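Step one of this worksheet: look at the structure below.
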Amino acid sequence: MAQPMRFMLNHIETESYGAFTPQNLSPLINRAIPHTRAQISGSPVVAVGRGSSGRTFFGVNVELPGLPLDHSIHAEQFLLANLALHFEQKLECIAISTNGYYFQEPCGHCCQLLHKIRDMSDTKILLTNPTGQKGTYMNLSTFLPQGLISQANVPRLLERNFNCIELINHSLYMDICSYSEHCNHLNCRALKAATISYAPDSKCPSGVALIDHRGKVYSGGYMESVAHNTSLGPVQAALVDFVANGDGQEFKNIVEAVLVEKKCGVLSQEATARMILEKIADPDCIFRVLHCK
């Protein structure tokens, strides 16, 4: 396993790398490639994005051992979940590469998810010709299906969101902290992740919290995209936190997990979450579901 890396650069570090060009991004891509987890396909992908705050964020593709590739985390999805972890609400430009010199457009799945960010159609996508010698910029709208129009009155991905949910078992609130994003309690972190998750179509918010063998907690919330393609499930969102902040650990070091979701929603994450964790986590990993309404 590669040495741990930081998946976010502050604005001062970002400025030191200069303009968002292939030449300046190449060393960043090459730094991130060893942190991709593409054991099945052998095809690493890195996404680099620059936020409106001036910070730089990384995303890498993550394939889950023993599971079909449709459960994988795309580099662009990882990037968006990483933005959410750092409360970044706007992506100014994005670059995607497999080797540090050829830059390509986002895949069709991820174009749909990227479009969920407000004003994302104007975000610049860095592209190069096959030789990687010349960089050009194209708007994300170029790659979106015709007729896909954002609804102005619908909440957008990465915007501050608060789902009005409460745990059905009220006795659990005795153990819920006021500032759960900074605590190390699984129930708190999973509830917080569900509260700020993005599910405007299904109205089924959900969140997952994981704990490793050292006692460190990671969390993530559902990111929904039903226009044409797939969403990012809460387990995968929590795994982004694990990969980005888990010091390069293997998934087998995950020893407990909590899912918070609606009791009688139109969809459930429980079966998928259980299947993923049974495959990748510690064989004795404890998995609990807390229902909300």
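Glycine residues also receive a Cβ, built from the backbone N, Cα and C atoms like all the rest.
The domain 'CMP/dCMP-type deaminase 1' annotation in Swiss-Prot covers 20-151 and rests on sequence analysis. Mapped onto DSSP helix, strand and coil, the domain 'CMP/dCMP-type deaminase 1' (20-151) counts 42 helix, 34 strand, 56 coil.
The substrate binding site annotation in Swiss-Prot covers Asn61, Val62, Glu63. Counting only residues at least six positions away in the same chain, the Cβ atoms of Thr36, Arg37, Ser72, Ile73, Phe78, Gln236, Leu239, Val240, Val243 sit under 8 Å from the Cβ of Val62 (substrate binding site).
The Zn(2+) binding site feature in Swiss-Prot is assigned to His74, Cys107, Cys110. Neighbour density for Cys110 (Zn(2+) binding site): within 10 A of its CB lie 26 other CB atoms from the protein chains shown.
Positions annotated as active site, proton donor by Swiss-Prot: Glu76. Packing around Glu76 (active site, proton donor) is summarised by its Cβ count: 23 other Cβ atoms lie within 10 angstroms of its Cβ, all protein chains included.
Look at Swiss-Prot and you will find 181-293 tagged as domain 'CMP/dCMP-type deaminase 2', backed by sequence analysis. Looking just at the domain 'CMP/dCMP-type deaminase 2' (181-293), the mean pLDDT is 94.
Within the same chain, the residues at least 6 positions away from Glu63 (substrate binding site) whose Cβ sits under 8 Å from its Cβ are Arg37, Ala38, Gln39, Ile40, Ser41, Leu69, Ser72, listed in sequence order. Remark: His74 (Zn(2+) binding site) has Val45, Gly59, Asn61, Cys107, His109, Cys110 as non-local neighbours, by Cβ distance under 8 Å and separation of at least 6 in sequence. Same-chain residues that are not part of His74, Cys107, Cys110 yet have a Cβ within 8 Å of the Cβ center of the Zn(2+) site turn out to be Ala75, Glu76, Gln77, Pro106, Gly108, His109, Cys111, Leu113.
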